[in-house]
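Accompanying notes for the structure given below.
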Amino acid sequence: MVRNLTKKSFALSALVAASLMASGVMASDKTEPRNEEYKDKFSKQYNSWHDTAESKEVVDMLEEVPSLVVLWAGYGFAKDYNAPRGHMYAVTDVRNTLRTGAPKAATDGPMPMACWSCKSPDVPRVIEEQGEDGYFTGKWYKGGAEIVNTIGCGDCHEKGKSKLRVSRPFAERAFETLDTPFAKASKKDKQSMVCAQCHVEYYFEKTKDKKGFVKFPWDQGVTVEAMETYYDNLEFKDWTHKVSKTPMLKAQHPGYETWKLGVHGQNNVSCTDCHMPKVKNDKGRKYTDHKVGNPFDRFEETCGTCHEQSKEFMVNLTKERKVKVADLKARAETQLVKAHFEAKAAWDAGATEAEMKPILTDIRHSQWRWDYATASHGVAAHAPDEALRVLGTSVDKAADARIKLAQLLAVKGVKQPIAYPDTSTKAKAQAALGMDMKKMNADKADFKKNTLPKWEAEAKKREATY
């Protein structure tokens, strides 16, 4: 039945539409953030994307590796760090982590708006509506009712289409820095560049005109040394270490950078070749599997398209590489934990800033290199040789710091061995740093109970106007 509009009802409808447009609640012309809107047109891709929900196990990495608590002392990751899960959990996990705190207002909390930047297609929507200044200004809480749809279709595809796109301006600027603008890239390169909007190293700028903006530190290249030099020239630090007072760098997840340096990247094997292969449905029709995960789960469609070796051979080879990387990673962690506490002992013994500067530089560089290698998820497959090389330099620099500390402590009259606190478990390490985990967890529980439902209600109301 056709609805007959009176002049009065028509005028009212027009007024409501104008009001919605003025208030900025209309969906963006470029981005449809609601993943379910793609379900009918791209059903096979949508259903496989939805299957990333199967990656639901929560693995507490601080329980697995308690030394991480010490390495990140004074930084949010010492509170809480879980292994990454499937794309379906991106928004859920950033809401639940202790790192984002328990803010109660838009001006409250430890984290900036930029912490949403890789979690949702709502991010490009808000940037398109408000501009980057509008999006990046303020605290993380501000985006709570806006950033609600998890990583999905609109992050990598043009609105309502399968055509790939880079949806984040800061990523496009980074590609231009490497002289590879997305518009001029090959189809194969684009298949990796859409992933590189998020699976990269980044930091939050502190310049006057781009305060809080996300930036990839690629101005001098993507190697660990190039980015280290870039940060050093800026005198940039993510935080000051609570124990050693070192101006620290926190690597995020430079998967794209390490992939480029490895055998797959050097041979132009894209991210999607291994993690989102072409597969056949029950009718024999090919489509791109959007269940991003372990290539060995789809061996014939991934590794098997290039490698003649058996799945068993390739799995065992990767396991061997993981063991080698893990061994060197653990050695670096042991050296760094001791270096941090020995640096504290030197400060306590009266060391000056001038005496400590070269030591803290060694610690900074060592931990940055350790983090660059270990935060690059999948590095044992992507670039095992580069991982071992970088971790080797991390161990060397930590050892350099400890040799200098031993000499300085002797000069300061410290003749007894340094007493290291018990950091053998997550709880003991956090207690040694004076962290009130009981309060943090209680505050987070209150936040989840009282704030998250408000965000969901506001988002539902807004999306009903699209």
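Positions of Cβ are set from backbone N, Cα and C atoms, glycine also.
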Which one, H50, H157, H382, is listed by Swiss-Prot in the same heme c 4 site as C271, C274, H275?
H382
The heme c 2 site in Swiss-Prot lists C153, C156, H157. Which one of H264, H290, H307 belongs there according to the record?
H290
Of the candidates H87, H241, which one does Swiss-Prot list alongside C195, C198, H199 as binding heme c 3?
H87
Measuring CA to CA, name the entry from the binding-site residues H87, C274, H290 that ends up nearest K250 (Ca(2+) binding site).
H87
Would you list the other residues of this chain near heme - those whose C-beta lies within 8 angstroms of the C-beta centroid of C115, C118, K119 - in sequence order?
A90, V94, A114, W116, S117, S120, V123, I147, C198
On the Cα atoms of C271, C274, H275, H382, which are listed as binding heme c 4, what is the maximum pairwise distance in Å?
12
From C118, H157, Q252, H253, the binding-site residues whose CA lies within 10 Å of that of H199 (heme c 3 binding site):
C118, Q252, H253
About how far apart, in whole Å, are the alpha carbons (Cα) of C198 (heme c 3 binding site) and C118 (heme binding site)?
5
Out of C118, K119, C195, Q252, give those binding-site residues positioned within 10 angstroms of C156 (heme c 2 binding site), comparing C-alpha atoms, in sequence order.
C195
